[in-house]
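Colleague: In case it helps, TrEMBL gives these features for our protein:
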type	residues	note
DOMAIN	8-199	domain 'Cytochrome b561 bacterial/Ni-hydrogenase'
TRANSMEM	14-34	transmembrane segment
TRANSMEM	54-72	transmembrane segment
TRANSMEM	125-149	transmembrane segment
TRANSMEM	161-183	transmembrane segment
Amino acid sequence: MAEKIYLHPILERVWHAIHAICIVVLIISGAQIHLPGSIHLFGSFQIAVSVHNWFGLLLVADFLLWLIYNLVSRRIIHYIPNKRDIPNGLIVQAKFYICGIFKHDPHPYPPTVDEKFNPLQKMSYLMFMGLMTPILLISGILYLYPVYFADFIASIGGLKVLAVIHFILAIIFAAFLIAHLYLATTGHTIQDNFISIVTGYADSEEEEA
């Protein structure tokens, strides 16, 4: 029987839940804003815009709390690739996801208390949380309060360019969410990783998505 390890502290689980809700609501409300004639989940266009704005601000606060918590607790180290991860670890993990997982090979980098994520996870989470999320949130704030940032918005080409940047990043996030949910099913059973993010405990020989 695999050893259980405490992988997700309560604060991380609460953050993850809030983050997930925000992302899903923002994707759906954003889709309704762009396709008002096809999507009516939030009722009117005005309500969809209001929901999008408020959950966007909640995501900003959620991200700042995540950043402060991980910096103060030094758990940010889990998101930073080391020399072993680049490039060898990335290649090994990619091979596992491409073919090894279908042959039921053992996970090359099972989660541990000291190394929560595998090399590809570190790289993808670092890219999304360290680069793309800040850009997405900043672009959203600029679009929400254009009067206060008029000069900067003009310097990057205006509101249309800003809207395109925000839209492209949103599409990438939606694609990442789908991939994230798929990889979350790659534990010993489909539900293992979902249970782990609720209870905080994971099998040491399993992989987290």
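Glycine too: its Cβ is placed from the backbone N, Cα and C atoms.
Just so you know, TrEMBL annotations are computer predictions that nobody has curated.
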Colleague: Using a Cβ cut-off under 8 Å, which residues of the same chain at least 6 positions beyond either end of the transmembrane segment (14-34) come close to it?
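Modeller: Those are 8, 40-42, 45, 48-49, 51-52, 55-56, 58-59, 62-63, 65-66, 69, 167, 170, 173-174, 177, 197, in sequence order.
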Colleague: For the domain 'Cytochrome b561 bacterial/Ni-hydrogenase' (8-199), would you mind checking the mean pLDDT of the predicted model?
Modeller: 92
